[in-house]
Amino acid sequence: MAALCLTVNAGNPPLEALLAVEHVKGDVSISVEEGKENLLRVSETVAFTDVNSILRYLARIATTSGLYGTNLMEHTEIDHWLEFSATKLSSCDRLTSAINELNHCLSLRTYLVGNSLTLADLCVWATLKGSAAWQEHLKQNKTLVHVKRWFGFLEAQQAFRSVGTKWDVSGNRATVAPDKKQDVGKFVELPGAEMGKVTVRFPPEASGYLHIGHAKAALLNQHYQVNFKGKLIMRFDDTNPEKEKEDFEKVILEDVAMLHIKPDQFTYTSDHFETIMKYAEKLIQEGKAYVDDTPAEQMKAEREQRTESKHRKNSVEKNLQMWEEMKKGSQFGQSCCLRAKIDMSSNNGCMRDPTLYRCKIQPHPRTGNKYNVYPTYDFACPIVDSIEGVTHALRTTEYHDRDEQFYWIIEALGIRKPYIWEYSRLNLNNTVLSKRKLTWFVNEGLVDGWDDPRFPTVRGVLRRGMTVEGLKQFIAAQGSSRSVVNMEWDKIWAFNKKVIDPVAPRYVALLKKEVVPVNVLDAQEEMKEVARHPKNPDVGLKPVWYSPKVFIEGADAETFSEGEMVTFINWGNINITKIHKNADGKITSLDAKLNLENKDYKKTTKITWLAESTHALSIPAVCVTYEHLITKPVLGKDEDFKQYINKDSKHEELMLGDPCLKDLKKGDIIQLQRRGFFICDQPYEPVSPYSCREAPCILIYIPDGHTKEMPTSGSKEKTKVEISKKETSSAPKERPAPAVSSTCATAEDSSVLYSRVAVQGDVVRELKAKKAPKEDIDAAVKQLLTLKAEYKEKTGQEYKPGNPSAAAVQTVSTKSSSNTVESTSLYNKVAAQGEVVRKLKAEKAPKAKVTEAVECLLSLKAEYKEKTGKDYVPGQPPASQNSHSNPVSNAQPAGAEKPEAKVLFDRVACQGEVVRKLKAEKASKDQVDSAVQELLQLKAQYKSLTGIEYKPVSATGAEDKDKKKKEKENKSEKQNKPQKQNDGQGKDSSKSQGSGLSSGGAGEGQGPKKQTRLGLEAKKEENLAEWYSQVITKSEMIEYYDVSGCYILRPWSYSIWESIKDFFDAEIKKLGVENCYFPIFVSQAALEKEKNHIEDFAPEVAWVTRSGKTELAEPIAIRPTSETVMYPAYAKWVQSHRDLPVRLNQWCNVVRWEFKHPQPFLRTREFLWQEGHSAFATFEEAADEVLQILELYARVYEELLAIPVVRGRKTEKEKFAGGDYTTTIEAFISASGRAIQGATSHHLGQNFSKMCEIVFEDPKTPGEKQFAYQCSWGLTTRTIGVMVMVHGDNMGLVLPPRVASVQVVVIPCGITNALSEEDREALMAKCNEYRRRLLGANIRVRVDLRDNYSPGWKFNHWELKGVPVRLEVGPRDMKSCQFVAVRRDTGEKLTIAEKEAEAKLEKVLEDIQLNLFTRASEDLKTHMVVSNTLEDFQKVLDAGKVAQIPFCGEIDCEDWIKKMTARDQDVEPGAPSMGAKSLCIPFNPLCELQPGAMCVCGKNPAKFYTLFGRSY
C-alpha cells in the first residue's frame, strides 16, 4: 500500500485524526504535514476531508489497532459517539447536558466502548480538549468526577500528551503552540490581503534545476498561501524559446514536490501569448510603443547616454508595418524589437524605453513555429499576473528598479494592478547560484551531476542531508526581510540540526586504518538492547554486542595511561591495565578490566567502541565529507569564479561500522557518535554473487552549523588538564640564554625574517584600517602568525617591534658601508614621500591619489625596513658605519672577558626576559617575586665575578644613556608644542604620542622599554567607525564581551550614566513620578496579547526555553520593553478616578536581539535605560506630561552633555506604533553627516488602556466606565555614544565637566634624579593638598602619582580619557606658588596662582562646558538648513547636512523621498548610501510655511516643515 499523507491546517488541527495517526503509525505508513486544509490523501484521485471519514478509514486499514471495535455492536456504539461529539458536545447550549450524559456512561467504565481504546475515546477527548467551556470548568474544578477521571487518564498517555502539546487547542481550535518558541523572522502583513482571497505565484524559468534561492521564493509564496488560505499558482515562464527545455519542466516539478509544495494551479506564460500580443498592438496603436531596428550595442549605448532612438517618433502606421515584419520573422523583422515609449531621460534605467517584444525564429517547446515574436519577461509578467488573478507578486529586491516599469505597463494597458512586495535575495558565501556557472561545473566533470552534495540545487542540498523542514525553518527565520546580506551556510545547517538532532538514531563507526584492539579479559560475549537515541525513547532500541575483544579509535588509545578508568559508552567504566606498543612507540593493543560497579562518569574519558563478534559483523562504511566548491567567500562583480575553484573538495574515509548500519536505507539520517550527522547515500549491500564483493554503506557528512571541529578523542575534562599541563611545561623556567655566537648565515636569515614579520604587520594594520573583508584580514593575520612562529624558531625568542634579535642586529651592524649609504638614501625617500602624503591629505585630494601615495609610502618603508632591519622613525636617520659597533662585543663589559662571565651575562639577560614576560601576562605576585629574586641573585653573581655592575644593552647595541634626559625633557617638549583645535591638535598629539611613548628608558636589567599603542591610530575625519571603536576602548569606557552585541560598561562610562540618572531621577520626582521595578521576564501569553504593539520588536525578542537541560513548558520572553509587564498591574490598581494618576519609572535593562551590525552604545542587544509609564484621567494631563518629560530629556543633552537638540514630533510613519503621537529630540553628528534620535516621549492615548482594560468609573457619569490616557517615555545609554561622537577629537574623548567622573587630574612633573628626596615628598604632598582643596570645593579630582610612567605618557593617557582639566605642578611651580592648568577642549594653558585654585578652576570648568555647547551649536546651525526642492535637498544631503523641507505628512510620500535620496551603487566608497528619513516635525522650524506651498513630492500641499536627513 502506498504511503498516506495527512495534511493539517495549523489554524484548526483535527486532534482526533492526529491521535488516530499516533495509534496506527506502527501498522500504516503515514506522514503529517501542514497545509491549508485538513485532508487525508489516499491516492491521486482519492482524498477525505471529513474528520470522521478520516478516522474510520484509518481504523479500518489498521485492523490490529482495534480502534473501530471488535464486532458490529461496538461499531455502532463508536458511530454514536462520533455523532455525539460532532453535535451535542460541540454545542455551547447543550454542553452541560452532554457532559452529564457522558459522566453517567463513564461511571463504571474505563473506556467509552469495550475494554480498550477506540475512536469513540479519541473523538470525544479531542472535542473536550478544544472546548473553551470545558477548559474553564477544569480550571475552576467544576467538572463531574467520572468525566474528569477519564479525561485525565487519557491525557496522561504518551500519544495524547504528544499531540496535546504539539497541537495545543485548549479553548481555541485556532491556536498552535509548538514545543518551543519557533525561530521565525518577521513576515510582512501583505497590504490589502484578505483571508481566502490572496493569490500568489511562483514563476520559474524551465532552463535548469531549482536551487536554494528558488526554494526561498517558493517557500515564501507557500507561506502566504497557507497563512491566508489562498491560492498558489505555479507558472512556467517560457517566454524565451532558446532557454526553455521540456526536460527541465519535469525536473522543476520534481524539485517542487521534494519541497512539499502543492500549487493550486499550473500554468504557462505561453497560455496567454495571444492576449499579450493583442496588448502589445494596443500600445502601438495608442502611440505608447514603437518598433526599433537599432543594433543591440548601439541601443545599449543610447540608453546609457539617454539619447532617443531615431524610430521613437515613427508614425503608428510605420510601427505597425515594422511589427508585421517582426511577426513574419523576416530578415528585417529579426533585426527589430518592440520598445515601450516611456521616458529616455529617467534616472531609472529601466524606464528608458525598455524592450517589450523581440523576434526569435527558434521553435517553442509548446507552441512550435506558431509565433516568431515573444514577449520579454518584464512585459509578460504584469499582464499574466493581472489575468490570472494574482493579488500579491513577491519579487527579490534585485527587481526593485523594474517595479516602476511593472506599474507603468499595468496603467498603460488599463488592467488590474497586483501589489508587489520585495524580499531579499538569498546570497550564500562560497557559492555561485548562476545557472550558467553551475552548468559549467557539470560539463567540466568537477561534480557528479546536478544533485552533487556540493551544489546549491534543491537536489544537492537534500542529498547532503538537508531536510525540507530544516529548510522551511531557515526561510521562516529570514522572514520577508528586504535586507540583502551574504550568509554563511552554517546558519542553514544549524536550523537543519534542530530538526534532525531529536530524531536521528545514534550509531558508532571507527576509522578502520587506526583501530586498536582492547582485550577486556573478564567480559562475556552477549547482546543487550539500548536506546537508539539517549533523549528520545520513540526512536526505539538497537542491539549492542559485548565481547572480550573490542576495537577503539587509535586517537583515543593515545590519550590513555595505565591504571586510568575510561567510560565505554553504552557499557560502563573499564580500567586500562596494560598498554602494548611496538618498536616505534605506536600502541598495538590494550588490556583492560571491567569496573561496571563504579558509576562515577563525571571526569572520565568517554569513548566509542565496537565489539568483535561472529554474531554481528562490523559493516564496512565510507564517510564522505564535502567542502565548498568555491574557496573565496564573496566573489566580486568582475571576478572570475574559475580562479577560485576548490580542486580538493571531496574526502573519503573507510570506516569500521556498527552492525546496525546494514539496515540503513537510502536517505536515512543518523548520528555517528563523536563524528557528527550523516545521511545514507548508498545502503550496504552484502556479497554479490556477480562480483563476489560487498558494497560498503556510503554515508555523507551533514554539516551542523558548528564552526569548531568535532572532538575526535578523549573528554573535555581531560583535554583541559592536558592543555593546562602543556601550558605549565611551556612556562618560562631558568634556561640558558640563546647562543650569541650564531653563524653569519643564521643571522642573515633572522634579519630577513624580522623584516618580513614587520612588513606583514603593516599589511594587517592597513587591511583593518580599510575595513577589508574578514576573510582577507584572517588570511593576513594567519600569515603573520606563521612568520612570527618561524622567527621564534629561528632566533629562540619572541618577535618584538623595534627590538630585533641579536642575530638580526649583528647582520645589520656587519653590512658594508655601501649599504649604509643606500639606507640613508632610502630614509630620505621615505621622508619625502611622507611629505607628499601629508600634502595630499591637507589639500583634500581625491581618495584614489591619496591611496596611491600611501601605498608608495608603505612600499618604501618596507624596503627601508628590509635594508636596515628596523622600522623607519622620523628624525632618526640610519647611523654611519663606524657608529655601529658589534653588539655582541658591546654586550661584554671591559672587565668581563672570562668565558664564565659571558655565560653569566647571558643568563642575567635571559632571566630579565622571564620577569618581563611574567609581568606582561599578569602572573601571580608569588611567581613574579620568585623570578625577580633569581634575577637579583644572578646580577650579584655577575658583579662578584667581574667586579662591575651588570648593564643591559639596547636594541641598537648602545647603552641607553639618554633615557633620564629624555624623561626630563618630555614635559618641556610637551609644553612648548603649539596646540590647535581639531585637526591640528590631533596631528600633534598623534606625533607626540608616537615619540613620547618610548621616552622612558628601560629599568635595570629589563632591556629596552616596550612601546605601547596608547594613542589613537585612526582619525575621526578619515575613518569614523574605527576611530569610534578605538576611542571607547582605549579610553576605558567599553570592554568587549564574548556574546555579540553585549558590552561591559567600565566605570569611566558607567559614571556618565550615573550623572544622567542622578539629574533625571531628581527632576522626575519633582513632578511626582515614583521609581519601581518590574520583572525582566514576560510570559508568552502577555506578549501575544499585545502582538500589534510588539510587532516591530517580534524578530528581536529573546526567549528562555530551557531550565538546565529541561525544556520549559512554555517559553518565556526577556523584555524588549515593559508595557506588557506593567499595564496588567495598572489595570488591577486603577478602579476609580481617585487612583489616578499612576506615574511610575524604572531604571533597568532590556534585550532586543537585533540582527544588524551592533555598535557599542548606539546599537546593542542589551542596553540600560529608564522607562516611564503614566496613566491619567484626561487627555490633556497626559499631553502635559509628554512635553514636560521631553524638556527634561533636552536638558540632559544640552545642560549635561553640552549637545544641542531639535525638539519636535515624529511623523505618522516614524511614530511609536502603539501611540497616538510621539515627541522626540534629535541630535546631529557632523562627522558622519547623520542625525541620531536622542530620546522619545509618547502619548499613547487610550490604545493600551483598552487593550489591558485600565478603566475607572467616570466621576461625572456614575456607573459609566472610562479608559485611562497613558504616556510612556525612555532614555538609553545611547546618550553616551552620541556624546563621544559629537565632542571627541583625534586625541580621544572630550568629556563635558558636568558628567565627567574626574573633572581635574593632578600630575606631578619635573621629578628627576637630581631632585632630592625631601623635594620629591614635598611635591607629592602638594599634589595631595590640591586634591583635598578641590574635593572641598565639590570638584571631582584625581591625583596620578604612578612612578612607572613619565609625565608625557600620563598627559596622553588622561587626554585620551577626556578629563576636562589637567593640573601640572612641579618644583618650580611650588616655589612660585602657582600651577599650570591645561584645558582639554582647546589645549589652552593657564598659569594660576595657588591661592585662587578653587575659584579659577570652577570658572574654567564652566567655561569648558559652555564652549563645548557653543561649538556643537554652531556645528548644528551650519549643518541644518531649509530646502524647498528635492534637487536642493539631495545636494544638502550629499554635503553631509540635514534639512527642513516642506512635507505633506503622507507615508507613501515619505517612502518616495527615502527611495529618491538613496545613493546609487556607483558613488564613492564609504559614502552613506541610505535614503533620508523624517527625523521630526520641529516645534520651532527655521522658517514659516508659506500659504500654498507644495510638498517636495510635488503632488500634495505641504502641511509643515519637517526635518529630514540620513540617520543612525
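Glycine is treated like the rest: Cβ placed from N, Cα and C.
Values in this document were obtained by computation on a predicted structure and should not be read as measured data.
It is 432-436, from the ranges 167-171, 272-276, 432-436, that Swiss-Prot records as motif ''KMSKS' region'. Checking the candidates R1143, R1152, R1207, R1278 against Swiss-Prot: the one annotated together with T1121, S1122, E1123, H1242 at the L-proline site is R1152. Record note: of K300, K370, K867, K922, Swiss-Prot gives the feature N6-acetyllysine to K300, with no matching annotation on the rest.
Looking up S330, S724, S999 in Swiss-Prot for phosphoserine, the annotated residue turns out to be S999. Checked against Swiss-Prot, the residues K148, K437, K861, K1326 yield a single entry marked N6-acetyllysine: K861. Noted from Swiss-Prot: of K788, K849, K919, the annotation N6-acetyllysine belongs to K788. Closest in space to E1123 (L-proline binding site), of the recorded positions given as Y872, E1154, T1240, R1278, C1495, is T1240, taking the CA atom of each residue. Note on the domain 'WHEP-TRS 2' (822-878): its mean pLDDT in the predicted model is 74. Same-chain residues lying 6+ beyond the ends of the compositional bias 'Basic and acidic residues' (299-308) with a Cβ under 8 Å from its Cβ atoms: 292, 344-345, 349, 352-353. Cβ neighbour count for C1448 (Zn(2+) binding site): 18 (other Cβ atoms within 10 Å of its Cβ, all protein chains included). Assigned with DSSP, the residues of the domain 'WHEP-TRS 2' (822-878) fall into helix, strand and coil as follows: 43 helix, 0 strand, 14 coil. Report note: the Zn(2+) site is defined by C1448, C1453, C1495, C1497, and the residues of the same chain whose CB lies within 8 Å of the CB centroid of those residues, excluding them, are F1447, G1449, E1450, E1454, W1456, I1457, M1494, V1496, G1498, K1499, N1500, A1502.
Other C-beta atoms found within 10 angstroms of the C-beta of E1123 (L-proline binding site) number 24, with every protein chain shown included. DSSP states for the compositional bias 'Basic and acidic residues' (299-308), grouped as helix (H, G, I), strand (E, B) and coil, give 7 helix, 0 strand, 3 coil. Other Cβ atoms within 10 Å of the Cβ of H1242 (L-proline binding site), summed over all protein chains shown, number 24. DSSP assigns R1278 (ATP binding site) to a helix in the three-state reduction. The recorded positions shown are Y872, S1122, C1448, C1495, C1497; of these, the one with its CA atom nearest the CA of T1276 (ATP binding site) is S1122. Other C-beta atoms found within 10 angstroms of the C-beta of C1495 (Zn(2+) binding site) number 21, with every protein chain shown included.
Counting in whole angstrom, S1122 (L-proline binding site) lies 15 from T1240 (ATP binding site) by their C-alpha atoms. The binding-site residues considered are R1152, R1163, R1278; of these, R1163 has the fewest other C-beta atoms within 10 angstroms of its C-beta.
Taking Cβ-Cβ distances under 8 Å and a sequence gap of 6 or more within the same chain, the neighbours of Y872 (phosphotyrosine) are Y827, V830, K861, Y864, K865.
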